[in-house]
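Trainee: This is the feature table in TrEMBL:
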{"type": "DOMAIN", "residues": "101-210", "note": "domain 'Ig-like'"}
{"type": "DOMAIN", "residues": "221-303", "note": "domain 'Ig-like'"}
{"type": "DOMAIN", "residues": "322-384", "note": "domain 'Ig-like'"}
{"type": "DOMAIN", "residues": "391-471", "note": "domain 'Ig-like'"}
{"type": "TRANSMEM", "residues": "503-525", "note": "transmembrane segment"}
Amino acid sequence: ALGLYTVNAVYGDTITMPCRLEVPDGLMFGKWKYEMPNGSPVFIAFRSSTKKNVQYDDVPDYKDRLSLSENYTLSIRDARISDEKRFVCMLVTEDDVSEEPTIVKVFKQPSQPEILHQAEFLETEKLQMLGECVARDSYPEGNVTWYKNGRVLQPVEEVVVINLQKIVDKSTGLFTMTSSLQYMPTKEDANAKFSCIVTYYGPSGQKTLQSEPVVFDVHYPTEKVTIQVLSQSVTIKEGDNITLKCSGNGNPPPQEFLFYIPGETEGIRSSDTYTMTDVKRNATGEYKCSLTDKSMMDSTTITVHYLDLQLTPSGEVTKQIGEALPVSCTISSSRNATVFWIKDNTRMQTSPSFSSLQYQDAGNYICETALQEVEGLTKRKTLKLIVEGKPQIKMTKKTNTNKMSKTIVCHVEGFPKPAVQWTVTGSGSIINKAKETKYVNGKFSSKIVIAPEENVTLTCIAENQLERTVTSLNVSAISIPEYDEPEDRSDDNSEKVNDQAKLIVGIVVGLLLAALVAGVVYWLYVKKSKTASKHVDKDLGNIEENKKLEENNHKSET
């Protein structure tokens with residue numbers, strides 16, 4: 001058939017064979033035939049050139065499958081393997097018969113190969129059936145090749161054994177290729193990908209189809225055991241739970257182990273994990289695990305960190321002002337710990353030390369310690385220090401700048417906070433219009449503003465659970481200016497300065513008074529005649545008006 005015209009067709013498609021002869025003059029008809037293997041012809045189609053009619057011979061294989069066109073091109077529908085023949089186009093005149101043969105080749109792509117009858121698992125050092133690669137309905141027959149991780153598997157005696165079978169379906173003429181693979185795996189074949197490729201021929205040449213890769217479970221014995229600590233943090237502290245996990249590198253892995261705990265002579269049989277809850281510092285030590293036959297063993301060391309804190313004194317402590325109070329915070333830990341103090345939510349720079357307690361020393365103290373390397377390991381204890389003291393009073397007075405009122409201040413110290421009451425000596429009247437400053441570090445002030453028309457004596461009473469303290473102060477009439485020392489005394493130097501200032505002020509006031517004596521006497525005479533019946537209580541009632549006058553005068557001066 002070398003040099004003959006060939007038509008390549010795909011199985012199931014339509015075969016189209018043109019008649020490759022020039023139509024001669026005087027053509028009577030054209031015919032198509034095919035040749036049997038023994039060379040005898042079988043006519044299948046006839047077309048007259050004059051009557052334009054087409055006749056198809058009664059050939060069962062081609063019933064209802066043929067079509068002959070006006071140019072004598074023969075088409076065969078639904079190509080089959082049996083259509084692979086030598087077909088001949090014949091053009092007949094009165095004087096001659098011309099023939100031109102055509103060879104038909106039919107191709108069928110196989111189904112995608114698949115690995116069937118796969119082994120459930122593979123065992124090392126054992127030759128066993130891995131599976132069969134099957135590719136069906138191919139024409140012509142194809143070839144099958146096995147691959148591992150993309151590399152061709154070549155036959156090796158007692159290690160790689162490959163057998164290929166090709167079976168033809170007599171009704172269709174299609175081939176099914178089955179290649180079996182026997183394989184002896186190693187430990188390194190775990191997770192290896194096995195696949196097969198079928199090589200076949202199509203109308204355009206050689207092609208391939210590949211199966212889906214398959215990974216097999218490879219069983220091999222344990223060669224090493226490993227123990228590890230399962231923990232949410234890197235370090236372990238008292239109160240934590242410890243879970244030990246023992247594992248073997250075999251497949252399948254061992255399901256039972258022996259765990260050896262510090263202080264225990266015999267191993268504890270368990271699954272691959274062993275848990276200890278609420279561990280203490282004495283759990284520190286070496287832990288081991290082995291296979292149940294004690295053939296292999298591994299160990300690890302565990303340190304259980306601890307932190308103890310002792311605060312002396314602690315809790316609520318009440319002391320008197322001026323007393324001494326030694327405080328100690330003692331730490332015991334598995335590693336160096338950091339210690340710091342907090343007072344009333346503010347971190348202190350140094351540890352507290354009290355040789356003579358003051359009111360400002362009172363508060364909530366916290367001694368806190370932590371192991372920085374151990375997450376969550378902190379301890380703290382508290383000391384609530386209460387500093388008590390009996391009420392102490394200092395009174396001051398001052399004529400306001402508007403000359404219309406005087407401010408009397410009662411400076412009070414003590415804890416618990418004393419209650420303050422003002423009275424007018426002699427009349428016993430209680431003054432209810434006092435204003436208090438904020439109570440800070442055991443100190444506060446109570447202030448009243450008055451405009452007395454005659455000399456009075458005011459009494460400040462401070463009382464708490466420890467004692468009742470009473471102090472009185474003489475206050476001149478509003479017409480007589482008074483200048484007292486500053487309300488705050490910080491040290492001895494300020495007292496000296498205040499004494500000097502008081503002396504200077506006294507001299508100046510004396511000179512002014514001497515110059516104004518005549519005018520003052522006359523003013524008092526007139527005033528007294530009009531308001532002889534008035535008293536201090538009424539003056540207190542006019543404080544708000546005096547304040548307004550003072551504010552207006554101050555604005556005018558400004």
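From the backbone N, Cα and C atoms, a Cβ is placed for every residue, glycine too.
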Trainee: May I have the DSSP-based helix, strand and coil counts for the residues of the domain 'Ig-like' (322-384)?
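Mentor: Residue counts in helix, strand and coil order: 3 helix, 31 strand, 29 coil.
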Trainee: With DSSP as the reference, give the number of residues of the domain 'Ig-like' (221-303) in helix, strand and coil.
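Mentor: Helix/strand/coil tally for the domain 'Ig-like' (221-303): 3 helix, 40 strand, 40 coil.
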Trainee: Please list the DSSP helix, strand and coil residue counts for the domain 'Ig-like' (101-210).
Mentor: 3 helix, 68 strand, 39 coil
Trainee: Within the domain 'Ig-like' (221-303) only, compute the mean pLDDT.
Mentor: 92
